[in-house]
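Peer 1: Here TrEMBL flags 6-121 as domain 'Tetrahydrofolate dehydrogenase/cyclohydrolase catalytic'. Summarising the annotation, TrEMBL assigns domain 'Tetrahydrofolate dehydrogenase/cyclohydrolase NAD(P)-binding' to 140-284. Per TrEMBL, the feature NADP(+) binding site maps to G166, R167, S168, I232.
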Amino acid sequence: MSAKIIDGKAFAANVRGKVADHVAHLKEVNGITPGLAVVLVGEDPASQVYVRNKGKQTVEVGMNSIEHKLDASTSEADLLALIDQLNNDPEVHGILCQLPVPDHIDADKVLAAISPAKDVDGFHISNVGLLGTGQKAMVPCTPLGCLMMLREEHGSLSGLNAVVVGRSNIVGKPMAQLLLRDSATVTIAHSRTKDIEEVCRRADILVAAVGRPEMITGDWVKPGATVIDVGINRIPNGEKTKLVGDVHFDSAVEVAGAITPVPGGVGPMTIACLLANTVTACCRAHGLEEPEGLTA
Ligand SMILES: Nc1nc(=O)c2c([nH]1)NC[C@@H]1CN(c3ccc(C(=O)N[C@@H](CCC(=O)O)C(=O)O)cc3)C=[N+]21
């Protein structure tokens, strides 16, 4: 039996529709247009593609997109000054500084400089702490998108065995927090985990976020499990290249109950959740009711 393939593109379009509805409502009733500022330092080609997509989709849902493209040689002080300016701009409700930043800039310092209320990435330590203690936080976009798909697939996650492979600050750790908050039994597996295949085979929910192309094969998957593939890896394919996840799709699809593809799975949901977080931040900034179904 072949798994159900979770259509992240369609799911993301649905989320963007809800965001657009709420944006229209904010404009009509409150005269407010949410604004998202994206800061890109340097010319990394993959980053440029993401930033362009983000800007395009921001405008499509009716929000203002403010883009700042800075030279790779921009000093840390100049970047921090820009963030300060955006923090103090009432038209800007969300700020995202695209990672990675060049080596001469301390990413932790940059993340700490973004006002927690405008931190639509959810990377500021205040938001990390709020999430970890079960309080109202800005939640990182990729784990939020994964959670939305899992809730749709399972309804309740209560009591399910969830294994997150990968312990990054931007995906693995916040994903584990969200699953725990939904009462799953959560294991974080990583490069030092003993018998990692065996650990994965116990998972009703398997989230792969390691950044290693096709590492997780079908024999690591419990029959019927839901597999969420966060990986986006570009690998050689003959003369060209192709995108693959951290999961070996062709073998996993034969075992899983449901699985996200790459591309077309988690990636589109990440951007949709960024838009959702921007609306949420805007509503919180103005003391207005938050949109339903767009937050954790
Ligand atoms: N501060 C910060 N926040 C981020 O959220 C952030 C970041 N920095 N740096 C880079 C990564 C990467 N990222 C992606 C988002 C969407 C797709 C996406 O939509 N991918 C499509 C197509 C990919 C393609 O064709 O190249 C898909 O998976 O179907 C991919 C990657 C957000 N990131």
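Cβ atoms here come from the backbone N, Cα and C positions, even for glycine.
A quick note: this is a predicted structure, and the numbers were derived from the prediction, not measured.
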Peer 1: Which binding-site residues of G166, R167, S168, I232 contact ligand 1 in the sense of C-beta under 6 Å?
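Peer 2: Only I232 qualify.
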Peer 1: Which chain-mates of R167 (NADP(+) binding site) that are at least 6 residues away have a CB under 8 A from its CB, listed by sequence?
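Peer 2: Non-local contacts for R167 (NADP(+) binding site): K173, I188, H190.
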Peer 1: Across the domain 'Tetrahydrofolate dehydrogenase/cyclohydrolase NAD(P)-binding' (140-284), what are the DSSP residue counts per state (helix, strand, coil)?
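Peer 2: Taking each residue of the domain 'Tetrahydrofolate dehydrogenase/cyclohydrolase NAD(P)-binding' (140-284) in turn, the totals are 56 helix, 32 strand, 57 coil.
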Peer 1: How does the model score the domain 'Tetrahydrofolate dehydrogenase/cyclohydrolase catalytic' (6-121) in terms of mean pLDDT?
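Peer 2: The predicted confidence over the domain 'Tetrahydrofolate dehydrogenase/cyclohydrolase catalytic' (6-121), as a mean pLDDT, is 97.
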Peer 1: List the residues of the same chain that sit at least 6 positions away from S168 (NADP(+) binding site) in sequence and have their Cβ under 8 Å from its Cβ, in sequence order, or write 'none'.
Peer 2: A209
Peer 1: Show which residues of the chain containing G166 (NADP(+) binding site), separated from it by at least 6 in sequence, have their CB under 8 Å from its CB.
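Peer 2: The answer is G172, I188, A189, H190, V207, A208, A209, V210, G211, V230, D246.
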Peer 1: Counting each residue once, how many in the domain 'Tetrahydrofolate dehydrogenase/cyclohydrolase catalytic' (6-121) are helix, strand and coil under DSSP?
Peer 2: 61 helix, 19 strand, 36 coil
